Amino acid sequence: MTYLQFHLVFLLPLLVLLAVPVTRALRQRPWLGAGLATLVVIAYVWTTPWDNYLVASEVWGYGDGRVLGTIWYVPVEEYLFFGLQTLLTGGWTILLMQRAELLAPPPPTERASRVTVLAWGVGILASAALVVPEPTRYLGLILAWIGPPLALQWWFGGRWLADRLRQLWPAWVVPTVYLWFADGFAIANGIWSISERFTTGIALGPLPLEEALFFLVTNLVVVQGMLLFASVRTKVLEWVR
């Protein structure tokens, strides 16, 4: 199976299934479409240099004859993955927000405490230190890369987000578990590979711990981003009135 065929089997069918109900929801709440589009743009801007570094430093690679071509170091299909994953998780989140009547949630009323901000700063610095030893390099690169956007989201409304996630945990968990399965399949079938040199060696079957963490945290950013975008819109309307 090629990387493009992977998309055709694992991602595009789900996006087609989501298209009709998500489009219907966006007709009622068009600003959520703008929020989802914003998250897609952020995904490309934030992930492109990081992922190119991973491939250039041989943290991960792709099988011979499995990709159409590359832009810099990264396969074209990998760039597609940035957008497809965001659309999949974001679209699923919109449907669950609609069901839970959270399409226009009340905005956060307080920022994170100084202790929380300090804890995030220490965590990001600690994750950067994990980049130095080879066995924890990929783990450290993931944590150092995802730390700033997560910290920003939690600074804006950490306690508020935690309360909403209790209601919308399937928006985070379901796509994460599905992508774990898809990623494990791709690794087992040689579509792409993760370096044993730069990973801890801990795995769930063919799925390395680091890859499991990657989908866990990236989907969390998408779900929280959709929630925050909807709440910001509510806050703007309050100011206008």
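Yeah, the Cβs are placed from backbone N, Cα and C, and that goes for glycine too.
Feature list (source: TrEMBL):
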DOMAIN    8-86  domain 'Lycopene cyclase'
DOMAIN    138-223  domain 'Lycopene cyclase'
TRANSMEM  6-23  transmembrane segment
TRANSMEM  30-47  transmembrane segment
TRANSMEM  79-100  transmembrane segment
TRANSMEM  112-132  transmembrane segment
TRANSMEM  138-156  transmembrane segment
TRANSMEM  168-192  transmembrane segment
TRANSMEM  212-232  transmembrane segment
In the same chain, who gets a Cβ under 8 Å from the transmembrane segment (138-156) while lying at least 6 residues past its ends?
42, 46, 50, 53-54, 59-60, 108, 111-112, 116-117, 120-121, 123-124, 127-132, 194-195, 198-200, 208-210, 213-214, 217-218, 220-221, 224-225, 228
Can you find at least 3 Cβ pairs under 8 Å between the transmembrane segment (212-232) and the transmembrane segment (79-100), where each pair is 6 or more residues apart in sequence?
yes
Grab the pLDDT values for the domain 'Lycopene cyclase' (8-86) and give me their mean, rounded.
96
